[in-house]
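Q: Dumping the structure here so I can ask a few things about it.
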Amino acid sequence: MHIVVVGLSHRTAPVEVREKLSIPDQSITESLKALKAFSDVLEVSILSTCNRMEIYALVKDKNTGISSIKEFISEYSGIIFEDLNPHLFCFRQEEAVLHLMKVSAGLDSLVLGEGQILSQVKKMMRLGQENQSTGPILNRLLTQSVSTGKKVRSETNLGTGAVSISSAAVELAQLKIGQEKGFDTLVSLESENVLVVGAGRMSRLLITHLKSKGCHKLILLNRNIDRALNLAQDFPDLEIVCRGLNELEENISLSSIVFTSTASEEPIIDLAKIEKLNLSNRLKFIDIGVPRNISNDVKQHQFVKSFDVDDLQEVVSRNQEFRQKIAKEAESLVEEERIIFLEWWASLEAVPVINKLRSDLELIRKEELQKALSRMGPDFSARERKVVEALTKGIINKILHTPVTKLRSPQSREERQVSLKIVEKLFSLVEEEQNN
């Protein structure tokens, strides 16, 4: 069996490719069923965020397993394999384990050390368990990866003041406004007319960061206006006007900055809509939705500047130098956890041999005990029988303790395989299995 991960991220694919592979929560169940339908795939889980789509799996054969996963990805995205493959990465065994732990720790994020990815890995684990697509191996890996992410954030300063996608989007707005005014600094948003489209978690984070950057009023649009009103109640110090998404165009006309973060699988704003507005002032769109909420053709409008998640790199690069130094310490913690998991996984090789040895010894114990009890005759009481049975079980457990502990103890795979072969040969475990 092999652990593999196949996917793509902000490091390997632009947003126009990533958005075609974004798997919303409502499609996860169907996608997991499709992947489990492949005979090579034993366990599987999906991580889908705005910056990555990764499929982790336990497969019988790494080559056919990876091919099956790639086939699914190509069919789901509608991108022919030849065009898709250059954007995909594949990690096997130790590299796959290391990758997931680094992802959980925020070491592979666009925004180094961001905290949201940890909750997304937790959700991946929960969805895998709810859909019964994960088993003992992936569950152990996911649990330990989440634990690793928590450990990195508690034992290093990587997460201290870490920016998120949402805060980077707000800083990008500050930077672009400053650049228009001739400054290469982040300026206050106090005088800007801000529109936020969407009322989910990302929008909540957007509003939190907008408030900290000088914004004191904004318009909040959402398809479900009650959800927008509930979100607005959490920010009593801000003047938030809530409206329905059907008022999108007229509210764009009132804005200087528009942030979008909805779950729509199709763009909600395109050039045709913008051209109807007769804009005369500069307008900035910052779209952190994946799939994108704003069509790429909007960039053709003379008064519009449109940015998506890939454009956040300009802001992120300004903050990375300090975090790169802290990341070294975090990487050493991740490596420790990787070794712990691999030692546990390698120890599973011993389980079939241990079980066979225990089964054979238990059979011998019962046979010899029965012979002894039959010689004792009817005068041997039930209580005495129980004492003798407990005695024989204790002897077997004592005999097994040292070899079982040795087989399960941390050692190289080569050493463990030598030990297993010795035990199999000494106790004729292989020959008996073949005869059976």
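Using N, Cα and C of the backbone, Cβ positions are placed for all residues, glycine too.
Positions annotated as substrate binding site by Swiss-Prot: THR49, CYS50, ASN51, ARG52, SER109, GLU114, GLY115, GLN116, GLN120. What Swiss-Prot lists as active site, nucleophile is CYS50. Taken from Swiss-Prot, the feature site 'Important for activity' covers HIS99. Summarising the annotation, Swiss-Prot assigns NADP(+) binding site to GLY198, ALA199, GLY200, ARG201, MET202, SER203.
So that I understand the layout, could you describe where these features sit and how close they are to other parts?
A: For CYS50 (active site, nucleophile), the Cβ neighbour count at a 10 Å cut-off comes to 23, with all displayed protein chains included.
In the three-state DSSP classification, HIS99 (site 'Important for activity') falls within a helix. Of all the Cβ atoms in the protein chains shown, 21 others lie within 10 Å of the Cβ of HIS99 (site 'Important for activity').
According to DSSP, MET202 (NADP(+) binding site) sits within a helical segment. With a cut-off of 8 Å between CB atoms and residues at least 6 apart in sequence, the same chain places ILE165, SER166, SER261, ILE288 near MET202 (NADP(+) binding site), listed in sequence order.
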Q: Could you name the residues, excluding GLY198, ALA199, GLY200, ARG201, MET202, SER203, of the same chain that surround the NADP(+) site, i.e. Cβ within 8 Å of the Cβ centre of those residues, in sequence order?
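A: These residues sit around the NADP(+) site: ARG204, LEU205, LEU206, LEU231, SER261, THR262.
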Q: Within 8 Å of the centroid of the Cβ atoms of THR49, CYS50, ASN51, ARG52, SER109, GLU114, GLY115, GLN116, GLN120, which other residues of that chain place their own Cβ, given that this set defines the recorded substrate site?
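A: Close Cβ neighbours, site residues excluded: LEU110, VAL111, ILE117, ILE165.
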Q: By CA-CA distance, flag whichever of CYS50, HIS99, GLY200, SER203 among the recorded positions is nearest to GLN120 (substrate binding site).
A: CYS50
Q: Expressed to the nearest Å, what is the distance separating GLY200 (NADP(+) binding site) and ASN51 (substrate binding site) at their Cα atoms?
A: 17
Q: Using a Cβ-Cβ cut-off under 8 angstroms and a sequence gap of six or more, which residues of the chain neighbour ARG201 (NADP(+) binding site)?
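A: Counting only residues 6 or more apart in sequence, ARG201 (NADP(+) binding site) has no Cβ neighbour under 8 Å.
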Q: May I ask which residues of the same chain, at least 6 positions away in sequence, place their Cβ under 8 angstroms from the Cβ of GLY198 (NADP(+) binding site)?
A: LEU221, ASN222, THR260, SER261, THR262, ALA263, GLY289, ASN293
